[in-house]
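Below you'll find the structure, written out as structure tokens, and then a few comments.
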Amino acid sequence: MAHFHNQQNLPFSFLLILSLTTLVSVSSHSRPYTIPSVTHLTDSFPHVTIQSAFSNAFGASNVRFLSNGSMATLALDKITGSGMVSQNRYSYGFFSAAIKLPAGLSPGVVVAFYLSNADKFPHNHDEIDIEILGHDKRNDWVIQTNVYANGSVSTGREEKFYFWFDPTQQYHYYSILWNSYHTVFFVDNIPVREFIHKTTSPFIYPSKAMSLYATIWDGSEWATHGGKYPVNYKYAPFVVSFTEMELSGCIADPNSPISSCSKSNPSGQQDPISGAEFTKLSQQQIVAMDWARRKLMFYSYCNDVSRYKVLPPECH
């Protein structure tokens, strides 16, 4: 869960471009992977100026805006982590950032890119998480995805993956597609997880407007090998960089129950994620997601019978 640690508060189109099949080496397993070709949804949406689209959530002294506000760095040091929150709330949309993780050893460090409304609904909040968990000499960086709805934090829906690249060497895309049909998590435009809403109860998937957060914070209690390896501040500060930020969604007006791109809103904007390509994955994306899940997923709550004597309904 992308917590708001009361330090103050914490935790894809009209143009389709295909990537070439690429052979890369993965630090996690020290062997090459042939990466599937996929549609680049990130090429279909405009970048926003981070400085104008976000405000400080916490740790303002550790937040820096660069390149005329198109890039931001967040730092974690002994005093505080840091985070940004979007100026707007969204009813749904496509959210993406190119992220470069801190170099060097980073046990216990959590970098999070997620949607949440915990500030407005503290007892029944929704959340869609991408959390990237720091590494040490024994454990590689890991990406964890999770979905919460209506305050159901007792039922974690975590899935964890290794990377097929070194996420500290250059920028890579981390993206969330969220609409009434499904929630999809992407890494470099490859879908790694699809949470289909029609296969589960409406109470299980997020339905209330949420803000987008980008944060870095101390997750020593659980992040690396179940908390065995806490943050070692002799390697601080830990700095993560964000750029090529995309927030294309339906903005929720706090003074109106109608979404900004609802058909019943006469002055509404065009829905940025309308179209068949957003209601279900293409065959190409399905093949790519199958590859990611077979090769790189090492934990799914749907396989954790020791944790859930009765598996959540969407697992059946």
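Here the Cβ of each residue, glycine as well, is placed from N, Cα and C on the backbone.
Bear in mind that TrEMBL entries carry predicted annotations, made automatically and left uncurated.
Sequence annotations record features per position, and here TrEMBL assigns signal peptide to 1-28. Residues annotated as domain 'GH16' in TrEMBL: 43-242. The feature active site, nucleophile is assigned by TrEMBL to E127. Residues or ranges marked as active site, proton donor by TrEMBL: E131.
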Would you mind giving the whole-number mean pLDDT across the domain 'GH16' (43-242)? 92
Other C-beta atoms within 10 angstroms of the C-beta of E127 (active site, nucleophile) total 23
